[in-house]
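Novice: The NADP(+) binding site annotation in TrEMBL covers B:L12, B:G13, B:G14, B:G15, B:S16, B:V17, B:G18, B:A19. Annotation comment: TrEMBL describes B:K106 as NADPH binding site. The L-homoserine binding site feature in TrEMBL is assigned to B:E191. Summarising the annotation, TrEMBL assigns active site, proton donor to B:K206.
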Number of protein chains: 2
Amino acid sequence: MIEYRNLRVALLGGGSVGAQVARLLLEQRDELAGRVGASLELVGIAVRDVNAERTVDLPKELFTTDAESLILGADVVIELMGGIEPARSYILLAINSGADVVTANKALLAEHGAELFAAADQVGAQLNYEAAVAGAIPILRPLRESLAGDRVVRILGIVNGTTNYILDRMDEAGDSLEEALASATALGYAEADPTADVGGYDAAQKAAILASLAFHTTVPLESVYREGITSVTPAQIESARKAGYVVKLLAICERFTDEHGVDGVSARVYPAMVPRSHPLAAVHGANNAVFVEAEAAGSLMFYGAGAGGVETASAVLGDLVSLARRHVAGGPGVAASSHAELPVFDIGSVMTRYAVTLEVTDEPGVLAEVASVFSDHHVSLALVEQSMTPAVAKTVSRAAVSATATLVIGTHDATEAALAATVRDLAANRFVTTVASVLRVEGV
Amino acid sequence: MIEYRNLRVALLGGGSVGAQVARLLLEQRDELAGRVGASLELVGIAVRDVNAERTVDLPKELFTTDAESLILGADVVIELMGGIEPARSYILLAINSGADVVTANKALLAEHGAELFAAADQVGAQLNYEAAVAGAIPILRPLRESLAGDRVVRILGIVNGTTNYILDRMDEAGDSLEEALASATALGYAEADPTADVGGYDAAQKAAILASLAFHTTVPLESVYREGITSVTPAQIESARKAGYVVKLLAICERFTDEHGVDGVSARVYPAMVPRSHPLAAVHGANNAVFVEAEAAGSLMFYGAGAGGVETASAVLGDLVSLARRHVAGGPGVAASSHAELPVFDIGSVMTRYAVTLEVTDEPGVLAEVASVFSDHHVSLALVEQSMTPAVAKTVSRAAVSATATLVIGTHDATEAALAATVRDLAANRFVTTVASVLRVEGV
């Protein structure tokens, strides 16, 4: 029997992820000790109410409401409470009292990451957070380590399982947004208040974390452009399907040089059309996937469960083992990357392609006029498709029916600013009845 | 201007990967220094012929034929020569002279991995080899670190791009094996002698490395069961397609308890039918993907380019940066996992499903008799489909035409041993004209 030294592990939070982490730590104690070279002793679980119902049966004596004492007696603190405070204060307390930290708190990292990383750097503490993005999928460690010798160019991520489930239902079952959301709620994928998911806020937090890590810079949450899926219609999804595309809510992180020669980054979240042949198009249900384009490695994709208590617990334990191994090896933590402070571009500078659907009156010269609106703003066209809209309304006399047509226009790369100006002019154009849909196109 | 300490990097091999590693080291020198906290100085490239043509323009003075002197003056040695000797001796020399090592040499690791890891452990040297499996795809580090707190149950890997390209062509374009191989050769995917790829030898090396890492044990290359794709026919692929499957060459690593209650592992390579809805079915062309099932994390997939000079160079540089960061942090390398020495099961103990296609005479009682052959060996049936084979040959008289039928039989999980005995008996059965195809079914 090998005698291992002991690492004292404190857990903050006993919810669905916390309870699974505790269970796995207790059940796999011997196996983990062998992998780490030290015993990982769970010394306590700080919760608000020690008598609350738990999803997992755990020894009563582990629970405490005294988080601070628990932290002060620990070598490693695992923060799974969520929210900003007191999570932020507890993590700072842990770092400053010499503990290493594992957290899955995306909201906290997106808003106060820079402060926490600086605090950890100052004392040489380790701060791991793999579980904060895309649940069980190992994406942060590959970005930080495996691609450390490469240059990441672009990330396209499906990082919110709830919205992917909803869009997938709309695409596969023809559900409306409301029906798909109801089904997501029934399955436990969506929370009672689904705003964080459907509004793209959750994805925006993850985009900020991914962009900061991938580009070795700081991308504040407030500089992440965000659109949710609430305006996505079945008609858009149907029209995308006909054209060979699927609509996905994407978190996009990109590094590029803008028209003024400035090197910077962009982080943004919006629903976009993705070609059905793209690997991201095959990500169904509540799964997550992160597609990474790097200069040397080319295209990579990381796929798996984006949420779930036990799945996320796997990522937390991976962080814990990794950090504990370094703890055992001695010496300071691994040197942090030097950070460039790259400018974060406004959405107006971002270049992408668009699919614009217009209802127009069916008269000679319409197409030429519409095309000239695009060219006025230097937006060049890749594709134009015209289809008749069936003339309607029995009660309207023949003479009163002015025939309308639907125009679907695909653009080449254009800036958001140029496209927005184009759409403004189109809406005011005498031939255009309605700008029915504007969707970005990614992954082509 | 920050003054960094210098890490002396020696490169062994100047082929397609080596030349790209050298180029990236030189071009990204400042960027890499920032990320590592030390300057990575390429001190030389050992090659057989300093005057040979290179794919990349590199400074002449870097090249040398004196590998040993280069190794003795280096802090880090990158071995990209391939083959067993002198690569093995050079890596041992590097380790024993105090250098850390990065290698992409799958053949060497599959055959002599245990020896090299032991030598590295003894002196506390780091030995990284991400590029040895699935090229640019970060798979080894996620397995070793991200999933270190989880239990891997099964790995299904498409780890050979050449054979995936060939099978994909056969599936998508209806090519014969010979046509698809010719096309792979023309595109540079297949070597002049394609045996290592189409015979499954390359995939078997990767299976040995993956299984050893995933199950924290030693899986010798000679215990990997191996079948290549040379016997895969267009008829099998067509029949799989009709049933909703695609044929892929899989490297399968599995941990299970056999019928005698023994806990052990299996590593095997063979062509198998995969449902079209499985994420691996969407891996086209020469791409690679590794599908991992873990107890807590559930299903994960890692996808990307499996080969290519610059793509593989990305993985090598990732290893280099990771190792250099620890070098800078000081202290010994990270403690190695304790290794279980699990038994490696023979292919006979492996349980999987099968699709068996039989040509039978079309007589009453055939189905009952065929079914009884399966049940004699305790192989239970999931599905039976019968279709008439069009009776042939104009010159044969009516009376002489004995009508034949095709039976496609899908089994439930059965051991290879039971299935082999079943197939033997089927081949000898009076009703069975031919056992046309036996294919395993995975991923269901």
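Each Cβ is built from the backbone N, Cα and C atoms, and glycine gets one as well.
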Novice: Calculate the distance in Å between the alpha carbons (Cα) of B:G18 (NADP(+) binding site) and the residue listed as 'active site, proton donor', and round it to a whole number.
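Specialist: That comes out at 20 Å between the alpha carbons.
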Novice: Just to verify a number: CA distance, B:K106 (NADPH binding site) to B:K206 (active site, proton donor), in angstrom, no decimals.
Specialist: 7
Novice: Using a 10 Å cut-off on CB atoms, tell me which of the binding-site residues B:L12, B:G14, B:G15, B:K106 is the least crowded.
Specialist: B:G15
Novice: Taking 8 Å from the centroid of the Cβ atoms of B:L12, B:G13, B:G14, B:G15, B:S16, B:V17, B:G18, B:A19 as the cut-off, which other residues in that chain fall inside it around the NADP(+) site?
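Specialist: What remains near the Cβ centre is B:L11, B:Q20, B:V21, B:A22, B:I45, B:V47, B:L80, B:M81, B:G309.
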Novice: I'd like the number of other C-beta atoms within 10 A of the C-beta of B:G13 (NADP(+) binding site), please.
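Specialist: Result for B:G13 (NADP(+) binding site): 26 other Cβ atoms within 10 Å.
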Novice: Output, ordered by sequence, the same-chain residues six or more apart from the residue listed as 'active site, proton donor' with a CB under 8 Å from its CB, or 'none'.
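Specialist: When sequence neighbours closer than 6 are ignored, the residue listed as 'active site, proton donor' has B:K106, B:A110, B:A132, B:V133, B:A134, B:G157, B:V159, B:N160, B:A251 within Cβ distance under 8 Å.
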Novice: Roughly how many Å lie between the Cα atoms of B:G15 (NADP(+) binding site) and B:E191 (L-homoserine binding site), rounded to a whole value?
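Specialist: Distance between the two Cα atoms comes out at 15 Å.
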Novice: Output the one of B:S16, B:V17, B:G18, B:A19, B:E191 that, of all these binding-site residues, has the highest number of other Cβ atoms within 10 Å of its Cβ.
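Specialist: That would be B:G18, with the most Cβ atoms nearby.
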Novice: Distance between B:V17 (NADP(+) binding site) and the residue listed as 'L-homoserine binding site' at the Cα atoms, whole Å?
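Specialist: Distance between the two Cα atoms comes out at 16 Å.
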